Amino acid sequence: MSSQKHEYNRLAPFSFPISRDVTMTDASTNESRINQRWTGYGGLSGSHSIGFRVVPRRTKIKRCPGGSFAHSAMSQTNHGSSRLIEPLLKPCEMGKKIDFLSCLPYELGSHIISYLDLPTLLILATVSRTWNTVYKVSDVWRMKTIERNWKVNSIPPELRMDRIDWHYLFKQRYQLEQRWRKGSVLTHYLIGHKDSVYCLQFDKHKIVTGSRDKTIKFWDMATYSHLQTLEGHEASVLCLQYNEHIMVSGSSDTTIIVWDMYTCQPRMRLRGHKAGVLDVSFDDRYIVSCSKDTSIRIWDINTGALLRTIMAHQGPVNSVQLQNNNIVSASGDALIKMWDVTTGACIRQFVGHTRGLACVQYKGNRIVSGSNDKTIRVWDADTGKCLMVCKGHTDLVRTLDFDDERIVSASYDQSIRVWDIKTGDSLLNFQSGHSSWVLDVHFDKNRVVSASQDKRILIMDFSAGLDTHLIT
């Protein structure tokens with residue numbers, strides 16, 4: 001019987017400073033729109049369990065090219081009553097001082113304040129109610145979003161670009177970024193496997209895990225509840241990968257099972273490896289598997305036919321990745337190799353690690369690897385050159401994942417670390433999330449999910465209470 005574990009502590013509200021005492025918060029809070037709930041589990045070293053729920057807002061922008069900037073700005077915000085604000089906007093003078101911003105045409109006013117940096121913009125909001133309305137002009141925050149190279153997901157057809165509240169969107173994205181910088185997370189444990197959890201994958205709807213207890217379990221990402229258990233392997237489930245249509249899993253029983261994601265039933269079982277299947281990777285043409293038997297095998301994804309066997313390394317092949325026509329493999333012989341999937345020819349070797357490799361990830365023109373020499377290396381996939389070495393783990397680097405900004409790694413030292421992929425700097429170090437070896441880790445913009453020998457799956461949620469559905 002599966003269960004989930006939540007632990008909650010009451011915490012004081014937590015603000016996200018931009019510099020010194022300047023915070024990215026509204027001048028006033030509408031309690032009917034914002035329902036705060038400060039709950040979580042504070043068991044991770046250097047972390048805070050925080051979050052507040054914000055009901056999404058949508059604003060229709062009304063441009064007034066010929067009118068004053070303040071009048072146009074008021075039409076772009078949904079704060080306060082126009083009867084309260086309008087009297088403030090009619091005169092261009094406040095006492096003996098001239099409120100120049102209220103007198104300017106909309107285009108000129110928005111262009112001027114677009115040059116302000118973020119701390120100054122936040123101060124602008126505190127000058128007066130008129131300027132607080134100006135501060136929320138959506139076009140200004142759209143420009144600030146572009147300046148930071150922050151992108152949004154595909155806009156739904158029913159929501160035009162001119163209806164997005166960019167101030168609101170910027171605030172959500174900014175707070176998410178600050179949580180990643182500080183290591184502020186809300187944590188949850190999934191408990192249900194009866195032995196070590198070796199592998200996982202997740203998306204916005206579900207988490208899928210494989211275990212030494214021979215099972216694969218599905219979990220609901222929204223409720224963290226157990227959904228389903230698949231049984232089919234006769235030994236530990238060591239690796240898995242899925243897409244919308246199929247899931248491929250590899251086991252210590254030396255076989256690979258291809259599952260139907262709609263029926264959750266096996267489509268076919270692939271046999272050929274002489275020892276445990278340690279990793280799998282597939283696309284719409286091939287399934288690539290690697291094994292303790294030192295080989296890489298390439299299978300037809302539709303028929304399951306074995307197309308090619310590569311005796312790849314002098315030691316166990318612990319990790320494999322397929323991208324386009326290239327396979328990248330990492331082995332206990334301390335080498336990374338790149339292979340042509342169509343011919344089986346070795347394209348190049350990546351030499352630098354001094355002990356066996358446990359993991360490798362290959363995306364774009366980057367390869368990132370983790371080793372028993374306790375280091376992470378970043379490589380240029382096109383040249384084989386080592387670009388960077390990340391040091392900090394005190395034991396074997398068992399698993400890692402990366403994107404354009406970060407590397408997230410986990411180790412037999414029981415820690416999960418976050419690194420800057422451009423500089424190699426260590427950004428975060430979570431030391432108390434698991435009580436034994438961490439065996440797999442993956443992340444997206446919102447969360448880090450890890451699996452451990454302690455039989456638990458840990459979810460560290462950076463986005464609790466934030467509206468991130470439009471944020472990439």
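Here the Cβ of each residue, glycine as well, is placed from N, Cα and C on the backbone.
Per TrEMBL, the features are:
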DOMAIN    98-144  domain 'F-box'
REPEAT    190-229  repeat 'WD'
REPEAT    230-261  repeat 'WD'
REPEAT    270-309  repeat 'WD'
REPEAT    310-349  repeat 'WD'
REPEAT    350-389  repeat 'WD'
REPEAT    390-429  repeat 'WD'
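Mapped onto DSSP helix, strand and coil, the repeat 'WD' (230-261) counts 0 helix, 19 strand, 13 coil. Secondary structure of the repeat 'WD' (190-229) per DSSP (helix as H, G, I; strand as E, B; remaining residues coil): 0 helix, 24 strand, 16 coil. Residues 1-6, 235-242, 247, 249, 251, 259, 264, 439-440, 442, 444, 449-459 of the same chain lie 6+ residues outside the repeat 'WD' (190-229) yet bring a C-beta within less than 8 angstroms of a C-beta in it. Secondary structure of the repeat 'WD' (270-309) per DSSP, as helix, strand and coil residue counts: 0 helix, 23 strand, 17 coil. When Cβ-Cβ distances below 8 Å are used as the criterion, the repeat 'WD' (230-261) is approached by residues 195-196, 198-201, 208, 210-212, 214-218, 267-271, 273-282, 287, 289, 291, 299, 301, 304 of the same chain, each at least six residues removed from its ends. With helix defined as DSSP H, G or I and strand as E or B, the repeat 'WD' (310-349) counts 0 helix, 24 strand, 16 coil.
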